[in-house]
Amino acid sequence: MVHNAPSISPCEHSSGQYMKAVTNLPSPNSKLSYHSLLVGLAHGQGSLLSSGFYGTSCPSVKRVVANAVAARLREDPSIAGPLLRMFFHDCFVFGCDASVLIKSTPSNSAERDAGPNQTIRELGLIDTIKVQLEAVCPGVVSCADIVALAAKEAVVQSGGPDWEVEVGRRDGSNSTAAEASTNLPSSLLNVPSLIQFFASKGLSIRDLVTLSGAHSIGNAHCFQAARRIYGFKSPSGIDPTMNISYAQVLKKTCPLPIVERSRVPLDPSTPALFDNKYYQDLLQNRGLFTSDSSLVADSRTSSIVVEYAKDEQSFFTNFVRSMLNMGRIGVLTGGKGEIRRHCSSINH
């Protein structure tokens, strides 16, 4: 959705790993389907989350997170997309348990070192927030909740809707690169494959279209765009489903040879503002990725795109609902999991 260049988050991805993910999409009988069963069972834990969970144990948590995100945005306005993307990439692998933050060890390659996650940004900001919260509420606030709260602030402080984040998650101790490579949907996928991925996490078709709106903010790597403007099997090398004027703009932004870290906005109209222009652009064939443009080519998703393009409030209302739905995936609550002292490593 959201990312920095997508899977379905605001994102930045490793092309080699993503090509592998696309060509090895799990079958209905694969581990992905089994994982969806686990997600379904774990969704019951979501009912234990509450917006007031830290009301007495750490009443300043929301203010601390909001202030930290605001300060970082003043330094670098582009970090909103990566923060939103981080929440997506956490929840889609092992559930929303901050497993994406864990560093690899000599005996384990963790999620953050998987191809789709190697360009995740702002892990340091989450660490900074954790240090600040440990100073006022030691051992209370989970890293998983910090990621969720920071994602919300990224949306709100970019002009998007506000909502009360459900908290009470605990942190997980499992993190493997293999799971990340399997469970993060690629920006190369079409609607049928995307529906399968989202359904495996207990998310609906409307959730798919709504959460794709995370691409309203953030950037993508130019090598992602290059696939549709230089390497497509057409006389011009441009994907014929893409608006030609938009393709020419992309070529100017991402000239050959592609510089590895060069970026292009996910939303060409208002890249720093969280709004419904993403959907309006899709209707003009100005979607950056296949996963974006395919939303207008399938009747199951195109009507929702039209709805959101016309009605920003409908998009905002449903985005809040879908973020809450995603935030309940595979959560650990009660006596499960732990409250990490440091977000990058499990407690010992």
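Every residue gets a Cβ built from N, Cα and C, even glycine.
Per TrEMBL, these features apply:
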type: ACT_SITE; residues: His89; note: active site, proton acceptor
type: BINDING; residues: Asp90, Val93, Gly95, Asp97, Ser99, Glu111; note: Ca(2+) 1 binding site
type: BINDING; residues: Pro185; note: substrate binding site
type: BINDING; residues: His215; note: heme b binding site
type: BINDING; residues: Asp267, Thr270, Asp275; note: Ca(2+) 2 binding site
type: DISULFID; residues: Cys58-Cys137; note: disulfide bond
type: DISULFID; residues: Cys91-Cys96; note: disulfide bond
type: DISULFID; residues: Cys143-Cys343; note: disulfide bond
type: DISULFID; residues: Cys222-Cys254; note: disulfide bond
type: DOMAIN; residues: 48-347; note: domain 'Plant heme peroxidase family profile'
type: SITE; residues: Arg85; note: site 'Transition state stabilizer'
Most isolated by CB count within 10 A, of the binding-site residues Asp90, Glu111, is Glu111
Those same-chain residues, other than Asp267, Thr270, Asp275, found with Cβ within 8 Å of the centroid of the Ca(2+) 2-site Cβ atoms are Ser216, Ile217, Ser269, Pro271, Ala272, Leu273, Phe274, Asn276, Lys277, Tyr278
For the residue listed as 'heme b binding site', the number of neighbouring Cβ atoms whose distance to its own Cβ is within 10 Å equals 34
Fewest C-beta neighbours within 10 angstroms among the disulfide-bonded residues Cys96, Cys137, Cys143, Cys254 belongs to Cys137
Sparsest Cβ environment (other Cβ within 10 Å) among binding-site residues Asp97, Asp267, Asp275 belongs to Asp275
CA pair Cys58 (disulfide bond) / Asp90 (Ca(2+) 1 binding site), Å rounded to integer, equals 23
Taking only the CA atoms, the spacing between Ser99 (Ca(2+) 1 binding site) and Cys254 (disulfide bond), expressed in whole angstrom, is 33
For Val93 (Ca(2+) 1 binding site), the same-chain residues 6+ apart in sequence with C-beta under 8 angstroms from its C-beta are Ser99, Val100, Glu111, Glu179, Ala180, Asn183, Leu184
Listed in sequence order, the recorded positions within 10 angstroms (C-alpha to C-alpha) of Cys96 (disulfide bond) out of His89, Pro185, His215, Thr270 are His89
Between the recorded positions Arg85, His89, the one whose Cβ has the fewest other Cβ atoms within 10 Å is His89
Cys343 (disulfide bond), Cβ-centred 10 Å count of other Cβ atoms over all protein chains shown, is 23
On average, residues of the domain 'Plant heme peroxidase family profile' (48-347) score a pLDDT of 95
Around the recorded Ca(2+) 1 site (Asp90, Val93, Gly95, Asp97, Ser99, Glu111), other residues with Cβ within 8 Å of the Cβ centre, ordered by sequence, are His89, Cys91, Phe92, Phe94, Cys96, Ala98, Val100, Gly172, Asn174, Ser175, Gly330
Comparing the Cα of the residue listed as 'heme b binding site' with the Cα atoms of the recorded positions Cys91, Gly95, Cys143, Asp275, Cys343, the shortest distance belongs to Asp275
